Each structure stands twice: as structure tokens, then as C-alpha cells.
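Here is the structure we will look at.
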């Protein structure tokens, strides 16, 4: 017996589309309007700064000769497949988990697009305090982190009883 897509977590795939549009749109604007390394202050402690990341988070493996592009692309594809299956197997009413999965999928696909199209990930958010700068990141990274935090949060929330689920 097949399930209706609307009865599964796949109902929340619109979040993936929203993350992709916002992420890729912001990266397009940076690529069109900034020179590599250019910085524009937005607020105290927050700049727009065009950077290229050839590695993973915090530029992990950025100087590894190119193989990491395909390695991280494979990981992103694998994560997207696993989370999509989890969304299909879950109920549409499990909002927190499905939104979390969709945020992670959207972020992973945004960075995957960059890796495959450009050969690097476009980063642009530079958060700093005084002279200390956090690693430059993008909106896809933010979506992934928020999704992961929601999964952790869900683990601390009380589970509904069988009576409440009925």
C-alpha cells in the first residue's frame, strides 16, 4: 500500500526549495557584486565578505588537491538521500523533525550546487568580535546548523504517548 505524499514528511520539501532559493540567490548576488576578498560592513560585528571555500566547514581539507570536492559531494548526496527516506517514512505531523531534515537537505544541496558548478563553496557571512573572526559561512551552512540544532532539541522534548498519537 503506497502512502500519499501529503501524509508523509515529504510534505515539508517546500522548505528545501525555500532554502535553495534564498541560499543560491544570496550567492548569486555576492558573485555578481563582490570581488574575491571584498568586505562590506553591515552592522557592528557583521560583514559581508566574499570568500571561496574549497573544503568543508572551517575550510577543513581545503588544501587537499581537489579530491575533497568529490568526497564532500558524495557525502552531501548520501545525506540528502538518507534524510529524504526518513522524511518519507515519517508522518507529516512530525513537524520539527521534518523541518529539520528539510533545512539540512536544502543547505546540503545549496553547497553541493556550488561544489559541482564552481568547484568551491561561496561564503559571505563574516561574524566577528573585536579582532576575532568566526569562520566565514553562508546561508546553506546556517540552514544545516539550524536543522541539526532542531534534531538535538527534538531529542530533549517529551515524546507523545500512544493515546496522544491516536
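Along the chain as shown, the residues are counted starting at 1.
Heads up, the Cβ atoms here are built off N, Cα and C, so glycines get one too.
Sequence-distant contacts of the transmembrane segment (12-32) (same chain, at least 6 residues past either end, Cβ-Cβ under 8 Å): 48, 50, 87, 92, 95, 98-99, 101-103, 105-107, 109-110, 113-114, 122, 124, 138-140, 143. Summarising the annotation, Swiss-Prot assigns transmembrane segment to 12-32 (among others) and lists sequence analysis as the type of evidence.
Taken from Swiss-Prot, the feature transmembrane segment covers 70-90 (among others).
Summarising the annotation, Swiss-Prot assigns transmembrane segment to 102-122 (among others).
Other Cβ atoms within 10 Å of the Cβ of residue 123 (active site), summed over all protein chains shown, number 23. In three-state terms derived from DSSP, residue 123 (active site) belongs to an extended strand segment. Summarising the annotation, Swiss-Prot assigns active site to 123 (among others).
As annotated by Swiss-Prot, transmembrane segment applies to 137-157 (among others), with the evidence given as sequence analysis.
Cβ neighbour count for residue 141 (active site) (all protein chains, 10 Å cutoff from its Cβ): 21. According to Swiss-Prot, the feature active site maps to 141 (among others).
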